[in-house]
Amino acid sequence: MARTTSQLYDAVPIQSSVVLCSCPSPSMVRSQTEPSSSPGIPSGVSRQGSTMDGTTAEARPSTNPLQQHPAQLPPQPRKKRPEDFKFGKILGEGSFSTVVLARELATSREYAIKILEKRHIIKENKVPYVTRERDVMSRLDHPFFVKLYFTFQDDEKLYFGLSYAKNGELLKYIRKIGSFDETCTRFYTAEIVSALEYLHGKGIIHRDLKPENILLNEDMHIQITDFGTAKVLSPDSKQARANSFVGTAQYVSPELLTEKSACKSSDLWALGCIIYQLVAGLPPFRAGNEYLIFQKIIKLEYDFPEKFFPKARDLVEKLLVLDATKRLGCEEMEGYGPLKAHPFFESITWENLHQQTPPKLTAYLPAMSEDDEDCYGNYDNLLSQFGCMQVSSSSSSHSLSAVDASLPQRSGSNIEQYIHDLDTNSFELDLQFSEDEKRLLLEKQAGGNPWHQFVENNLILKMGPVDKRKGLFARRRQLLLTEGPHLYYVDPVNKVLKGEIPWSQELRPEAKNFKTFFVHTPNRTYYLMDPSGNAHKWCRKIQEVWRQQYQSSPDAAVQ
């Protein structure tokens, strides 16, 4: 039988001791001394208790003298309504909720408003999830957590007014720059440790800590979110049973897999996974499916790549311990004092982390072989250069602001004159061919080039093997620059198309040294190494194709 709107309010009650105010003031809770009403009370009957709006329902007449003189009571704030806000872009979408940026018309304050469909919540049995998230967030008052300012509702939806973390998910930056340098890794790990110390001190286990659930505010400090699977421990309990799987495969603790229980130490396991990912660019436990990931977790089967920071490695090894009572930071190991005293945090001042200026996000790109050079890239600088196609010059970079020299005009229809073979598996084309010559080149490619099958019948303009890096890991790929334009990369051993670097007007190549070059895109920087030492030729050809695609003439100035 379908529930009424009022029954849904009762199905998602605020705890009897705390009711959320419906205004974004510094203090977000107020006392509620009367017990909540029974779910069985019909919607038309007056009752005293708390509602999803964060206000109390009208009580029946009382002999209490304060209630006989309403003028002596403080005025109740008006309930917020959807029309009080101007809703903007979607910030995120979940299985039963959507988070939208909204500006309150009366104050011009921005919030991330989480909108939940009542019907869908009931149908999918997600009422406990919603209740848990709201109740946990109402207990938190710390700068490293997303803040719940207010709740309200209409006939069809629930609305949670949350603090707006303008810089989005931490995962976005890991994907963008690959690996954090040691300074960035240390600072953001320290903020997560500080947040967990507070959370566990409140008797709360997050149970789904991962980079997607760690947001960054306008000042680039962390704000942890998503408490739908969190657990509030009773005073005499140290762990929580899980009747079903909670968490995300790559970060789930072994005790949840083997004992179906989670404890505060389970969050410390996730912390170890996150530190590893900040440095290496990928989580420690990776496989083709969740079952294989779980097998690796319960066997503690993972490896550190070369050039992993030694002190960070020692910290990860002390967190990724199968016995939950042996993890650094857990109660059995004397709590957070020894964790914060680890040598990796030697330079951290813990008292005022949220007031410190976060370090600039800087990529860590150690040399992969003895004859390579280390590369460091400042993420803010990369962002500021997206509007400019010109490749920056530096002491270790080749200036590629223009094509080196105009190629001579060709005559006749001998298409071989356009092809420059670099070795048996690499070549590039001059781009001065006619449409008829292009057709002949494409026929030649289709008939004899083994990589033609991967390029959707586009003419290959340059190709060759590269080492494609993701964090501290590198994979050999065949890079194929084609008309379109497209940049495909193929697994040369298994002959499988692995992906494509997305083209846009913001795409920008950058040579760092003879072997290493970057391809910057708005959402990610691709780190590539040409083993033949011709990184500058890749950048020159990519830029030449960019000019043909986005500029009216090849000689137009770079904007």
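Heads up, the Cβ atoms here are built off N, Cα and C, so glycines get one too.
Taken from Swiss-Prot, the feature phosphotyrosine covers Y9 (among others).
Residues annotated as region 'Disordered' in Swiss-Prot: 25-83.
Taken from Swiss-Prot, the feature ATP binding site applies to S95, F96, S97, K114, S163, Y164, A165, E169, E212, D226, supported by similarity to another entry. Non-local contacts of S163 (ATP binding site) by the CB criterion (under 8 A, 6+ apart in sequence, same chain) comprise Y111, A112, V146, K147, Y149, N217, Q223.
The region 'PIF-pocket' feature in Swiss-Prot is assigned to 116-160; the stated evidence is similarity to another entry.
All protein chains considered, the CB of D208 (active site, proton acceptor) has 21 other CB atoms within 10 Å. Among the features that Swiss-Prot reports, active site, proton acceptor is placed at D208.
Marked as phosphoserine by Swiss-Prot on the basis of a large-scale study or a structure entry: S244 (among others).
Among the features that Swiss-Prot reports, N6-acetyllysine is placed at K307, with the record citing similarity to another entry. Its own atom aside, the Cβ of K307 (N6-acetyllysine) has 16 Cβ atoms within 10 angstroms in the protein chains shown.
Cβ neighbours of T357 (phosphothreonine) (same chain, under 8 Å, six or more residues apart in sequence): D219. Annotated phosphothreonine per Swiss-Prot: T357 (among others), in sequence order, evidence recorded as similarity to another entry.
According to Swiss-Prot, the feature phosphotyrosine maps to Y376 (among others).
Here Swiss-Prot flags Y379 (among others) as phosphotyrosine.
Taken from Swiss-Prot, the feature phosphoserine covers S396 (among others), and the record attributes it to similarity to another entry.
According to Swiss-Prot, the feature phosphoserine maps to S397 (among others), an assignment based on similarity to another entry.
Per Swiss-Prot, the feature phosphoserine maps to S399 (among others); the stated evidence is similarity to another entry.
Annotated phosphoserine per Swiss-Prot: S401 (among others), in sequence order.
Residues or ranges marked as domain 'PH' in Swiss-Prot: 462-553.
When secondary structure is read from DSSP and collapsed to three states, S504 (phosphoserine) falls in the coil class. The feature phosphoserine is assigned by Swiss-Prot to S504 (among others), with similarity to another entry given as support.
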Rounded to an integer, what is the Cα-Cα distance in Å between A165 (ATP binding site) and S504 (phosphoserine)? 27
Return the residue, from the listed recorded positions S95, S97, S504, T516, with the maximum count of other C-beta atoms within 10 angstroms of its C-beta. T516
For E212 (ATP binding site), what residues in its own chain, 6 or more apart in sequence, show a Cβ-Cβ distance under 8 Å? E169, L170, L171, D226, T248
Residues of the region 'PIF-pocket' (116-160) by DSSP state, where helix covers H, G and I: 19 helix, 13 strand, 13 coil
Recorded ATP binding residues, S95, F96, S97, K114, S163, Y164, A165, E169, E212, D226 - maximal Cα separation rounded to whole Å: 21
Could you give the Cα-Cα distance between K307 (N6-acetyllysine) and D208 (active site, proton acceptor), in whole Å? 29
